[in-house]
Structures are given as C-alpha cells and as structure tokens.
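*Asks:* Sharing a structure below in structure tokens format, with a few things to ask.
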C-alpha cells in the first residue's frame, strides 16, 4: 500500500537534495548527515514504489537501504554507519543487506573520488595527515623534526 504518491516523494527528494547542497555551503552550523540520510531514504522509497508491482518487499526496507547507499557513498564510514542504521531500525536481520549496500556504495564512491569530508578539508586548505606517510618520512624520528631548546611555561 502506497502511503505517499510518487510525485510528492519525487518532489520531496528534489527539494531536500537541493536544500542540502545549499545549506552546507552557507556559513551556518548545519551538517550533511541529516540531508544525506533524508535524500537517501526518499530515493530508496521511490525505488521501492517503482518495484512494488514486481516484489512483495516493504517500501520501508528500500528506504533504509537507500539511506545506507547515500551515506556510504558520501561519508565512506562503513562500520559506524552500519551500527547507526542497525540501531535506528533495531532489526538484526537487516545486517547483511545494510553491509552489502554500504560496501558497494563505498567501493563505487572510492572508484571515482574521495569522501565528502576529505574533499571539504582539502578545499578549505585545512592541515591534515595523509593515511600513508611519504617514503622519505619513514626514516625520520621525532628528534629529526624538533628544534631546541624546549620552551615551557611555569604553572
């Protein structure tokens, strides 16, 4: 049984997707997690609505898997997202499906670019450590990069 009409779900998807992109670019304390999970769940429900004549699966399952796919493809944090979504649904039977969707979306995302947070850190020019050190850094010790004398504060 369709609770929502497909045109209203499609309109909501377009609206939340555009507003999510707009609000993340303006200097207000907003995040990406809620817009991404909403857009993914809406997309998943749309897929579930179009698959309804061919399967007897619940559209809510498609919504959760759509949210997992959007989160996995943009955030790239598979283990923590899997735990969050399992806590959200409180259904351990969904674990294999959520894991599969997260792994596929992360793999596809990694094929094309890095995660959204990594890209934002680079665009803003913030200092960060790479996951793997440069080859010349492997022989360095802390004493090689520290200059003396040591400055301390009494207190």
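Every residue number used here counts from 1 along the chain in the order it is shown.
Here the Cβ of each residue, glycine as well, is placed from N, Cα and C on the backbone.
Feature list, courtesy of TrEMBL:
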- 7-26: transmembrane segment (TRANSMEM)
- 32-50: transmembrane segment (TRANSMEM)
- 62-86: transmembrane segment (TRANSMEM)
- 92-109: transmembrane segment (TRANSMEM)
*Asks:* If I count Cβ-Cβ pairs under 8 A between the transmembrane segment (32-50) and each of 7-26, 62-86, 92-109, which range comes out on top?
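*Replies:* Per the Cβ count, the answer is 62-86.
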*Asks:* Would you kindly list the residues that approach the transmembrane segment (7-26) from elsewhere in its chain, counting only those six or more residues past its ends and only Cβ-Cβ distances under 8 Å?
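*Replies:* Contacts with the transmembrane segment (7-26): 32, 35-36, 38-39, 42-43, 45-46, 49.
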